[in-house]
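Everything on this sheet refers to the single structure shown next.
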Amino acid sequence: MNMVFLGPPGAGKGTYAKRLIEMLNIPHISTGDMFREAVASKSELGKKVEEILKRGDLVPDDLTNSIVKDRLSKEDCKNGFILDGFPRTVAQAKALDEIMRSLGKDLDYVIYFEVDEEEVVKRISNRRICSNCGKIYNLITLPPKVDGKCDVCGGTLYQREDDKEEVVRKRYRVYMENTYPVIEYYQKSNKLFTVNGALDVDSVIKEVLNIIRR
């Protein structure tokens with residue numbers, strides 16, 4: 001079962017993937033993890049990625065595509081995978097089609113977690129992180145017992161720069177401009193399934209399971 005998860009920042013893709021991989025016994029593959037693995041491997045590809053990331057640049061499509069193909073060809077993907085963070089553009093979606101063909105696989109489901117801008121802003125701008133142990137809180141859904149202090153270690157909670165409201169709104173708009181065409185691309189191939197990402201986690205998981213068990 002080969003799946004792609006799409007959705008704006010704060011849609012919960014990583015959370016849903018972590019729950020589902022335990023049920024389905026397939027790996028969760030994110031581009032961030034793939035880049036880190038490539039760098040750690042010290043391969044020629046990894047060295048190129050490391051140089052690009054150190055400069056703060058985006059990894060170009062040709063390199064990203066090579067890393068995705070390499071990861072999807074590994075043994076643990078033989079029964080399926082959940083791909084998160086790729087494709088982000090129509091060009092990458094077409095490249096993924098080619099990658100799947102070259103590996104003799106099909107893409108079974110593209111799940112789009114639909115969340116509106118205000119919900120994304122509410123989720124991300126209320127996120128706080130412990131400066132000491134890294135535990136993540138949400139002032140609305142998972143608040144600390146003492147305002148501004150970590151329940152675990154007593155460390156001070158802070159807000160990341162890219163979690164601030166104006167930045168979150170920009171990230172959402174960039175996502176919709178760049179990635180929404182990918183959603184339209186998959187609609188044409190009848191592989192796209194939309195899930196209401198504003199529901200609670202258990203309800204979203206149930207929706208996804210209903211889709212893949214039809």
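Glycine is treated like the rest: Cβ placed from N, Cα and C.
Residues 30-59 are the range that Swiss-Prot records as region 'NMP', among 30-59, 60-89. Per Swiss-Prot, the ATP site holds Gly10, Ala11, Gly12, Lys13, Gly14, Thr15, Arg127, Ile136, Tyr137; the candidate it also names there, chosen from Leu199, Leu209, is Leu199. Across Thr31, Arg36, Asp57, Leu58, Val59, Gly85, Phe86, Pro87, Arg88, Gln92, Arg160, Arg171, which the record gives as binding AMP, the greatest C-alpha separation is 29 Å. DSSP labels the residues of the region 'LID' (126-163) in these numbers: 3 helix, 12 strand, 23 coil. For the region 'NMP' (30-59), the model gives a mean pLDDT of 84. Under DSSP, residues within the region 'NMP' (30-59) fall into helix, strand and coil as 23 helix, 1 strand, 6 coil.
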